[in-house]
Amino acid sequence: MSSISLKEIIPPQPSTQRNFTTHLSYDPTTNAIAYPCGKSAFVRCLDDGDSKVPPVVQFTGHGSSVVTTVKFSPIKGSQYLCSGDESGKVIVWGWTFDKESNSVEVNVKSEFQVLAGPISDISWDFEGRRLCVVGEGRDNFGVFISWDSGNSLGEVSGHSQRINACHLKQSRPMRSMTVGDDGSVVFYQGPPFKFSASDRTHHKQGSFVRDVEFSPDSGEFVITVGSDRKISCFDGKSGEFLKYIEDDQEPVQGGIFALSWLDSQKFATVGADATIRVWDVTTSKCVQKWTLDKQQLGNQQVGVVATGNGRIISLSLDGTLNFYELGHDEVLKTISGHNKGITALTVNPLISGSYDGRIMEWSSSSMHQDHSNLIVSLDNSKAQEYSSISWDDTLKVNGITKHEFGSQPKVASANNDGFTAVLTNDDDLLILQSFTGDIIKSVRLNSPGSAVSLSQNYVAVGLEEGNTIQVFKLSDLEVSFDLKTPLRAKPSYISISPSETYIAAGDVMGKILLYDLQSREVKTSRWAFHTSKINAISWKPAEKGANEEEIEEDLVATGSLDTNIFIYSVKRPMKIIKALNAHKDGVNNLLWETPSTLVSSGADACIKRWNVVLE
């Protein structure tokens, strides 16, 4: 039986927001980190190669809400996590991995609406039974609850503004501490957890206190950090202020966003001065530091987590994960990628572009901030170079501007011969040389266009008025004809088959018409299984038969805003191969990498490879 199965996920980077902390979580059992990105929570395994845990787990159970924080349960081997979102809901969930089928099953254990605003941090107790959840709200800024029933286990009080972070001491006697935008540090004893003490004097008045964490094992110390550049050390059992951690030889030059303990003596801090520092709590000395280029705003460090054996992962504002180890002066490795929806994709080699203007070359793992706005199209038909068109009105080659458009390019399509067709907001159809930016031909359309496809000899344009498809000859744009049957709704994507025998045209309602280009008649109108806007149509590459003749074109892969991927057949229009819920919030791009492999990207900032088995 024919099927599509998930082969690989290239996960996005953690979501970041300027002037806010992104809390990372680490699980030593699976050697994985957890973080939020968009409306999904991700678990990313740090092991290379064969492993008993999946490389990536994606949890999409928060619906339409943006996920703000994800934390592992501290119980060894439990595989439970708790995630919170901007609506104030927390969900406890777990996963199971079937290595034979390479499939991950996610199970929701419990979910609770706990706050009236975004959740900023979650902390588990060391028994894996209690949760402290904090953030913004109307009546309260946090709760203590049991993970399974949601019953209240105390009261979060003493704050007048948003709480930024919380931590439960990972040993008895149980203690907790919360820190917030009002500059206050509040200490609790429990369970049930009650207000014990509040400190508003050891962080500068009016500053934001951004993170807090008890030392591991006995919890002898608890550290708080904030925008006032101060590192305050408190007693873990009584909550009394002990001292500031400061080193005259190593002044902190920017607000501190996050901290993480490496062991019971050393902890790491990261901040807006693009520096990662490791401190000794007893001597108050900075024992090691790593500094990135401070001139780059994207190098501000907004998150950190210790991963054991003196290793640290820090998070840059641009989403890059940086790996460090005590005793090594240089970064061990970095992981870059997208953390916004991917809007353009090309394969062989794999290059992707997202709506924040970022372009990622996956073969060399290099990230480029070439544009300041959404990437419309990419062309990699020339070796060692790529051409990109963006809503910032430019065509660039490897980041160098080659053409500036008079009006914004709406949609674009590249063929493999180094040419790109562009529709602009001024209703111009432009044919450009992809790698020089020269306009080869242009024509003014009679009505606004919403989709375009370029092949070797033709340019097909979907027109908004009348929902018709107009086909131009590439050799002479003055010569054109309309396909006889219009679409049922506004055209959203067009694809001319490689042999130029067919044109597949999709609309915003999810229906696809297949036209025969020679007769200009509809070949089939039965490709109607999508329920929302068609975002991608890709023809399966032609294969050679036994006698070296090319096998007739048959299969077409389609991706839609309805999150699904379908493969339709020209010969058998009612035959369909499905991959449902392929991308949270919709499939944006879909291409055949090989005759048996599809590559897709979506609004969830993921890139996925799919195995296609045909029978």
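Every residue gets a Cβ built from N, Cα and C, even glycine.
For reference, Swiss-Prot has these:
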MOD_RES   SER2  N-acetylserine
REPEAT    46-94  repeat 'WD 2'
REPEAT    95-146  repeat 'WD 3'
REPEAT    147-189  repeat 'WD 4'
REPEAT    190-235  repeat 'WD 5'
REPEAT    236-280  repeat 'WD 6'
REPEAT    281-325  repeat 'WD 7'
REPEAT    326-363  repeat 'WD 8'
REPEAT    400-433  repeat 'WD 10'
REPEAT    434-473  repeat 'WD 11'
REPEAT    474-516  repeat 'WD 12'
REPEAT    517-569  repeat 'WD 13'
REPEAT    570-611  repeat 'WD 14'
Counting only residues at least 6 beyond its ends, the same-chain positions whose CB falls under 8 A of a CB in the repeat 'WD 6' (236-280) are 20-24, 169, 173, 175, 177, 187, 196-197, 199, 201-202, 208, 210-223, 225-230, 286-294, 296, 299-306, 310, 312, 314-315, 322, 324, 326
Using DSSP, how many residues of the repeat 'WD 5' (190-235) fall into helix, strand and coil, respectively? 0 helix, 24 strand, 22 coil
Mean pLDDT for the repeat 'WD 14' (570-611), rounded to an integer? 97
Residue numbers, six or more beyond the limits of the repeat 'WD 14' (570-611), whose CB comes under 8 Å of its CB atoms: 2-13, 37-40, 58, 60, 337-348, 350, 352, 354, 362, 502, 514, 523-524, 526-527, 529, 532-533, 535-541, 543, 552-564
Tell me which residues of the chain lie with their Cβ under 8 angstroms from that of SER2 (N-acetylserine), as long as they are six or more apart in sequence? ILE567, ILE577, VAL612, VAL613, LEU614, GLU615
Sort out the residues at least 6 away from either end of the repeat 'WD 11' (434-473), same chain, that have Cβ-Cβ distances under 8 Å to it, and list them. 379, 381-382, 385, 387, 395, 397, 401-403, 410-415, 417-423, 426-428, 479-483, 486-496, 498, 500, 503, 505, 507, 515, 517
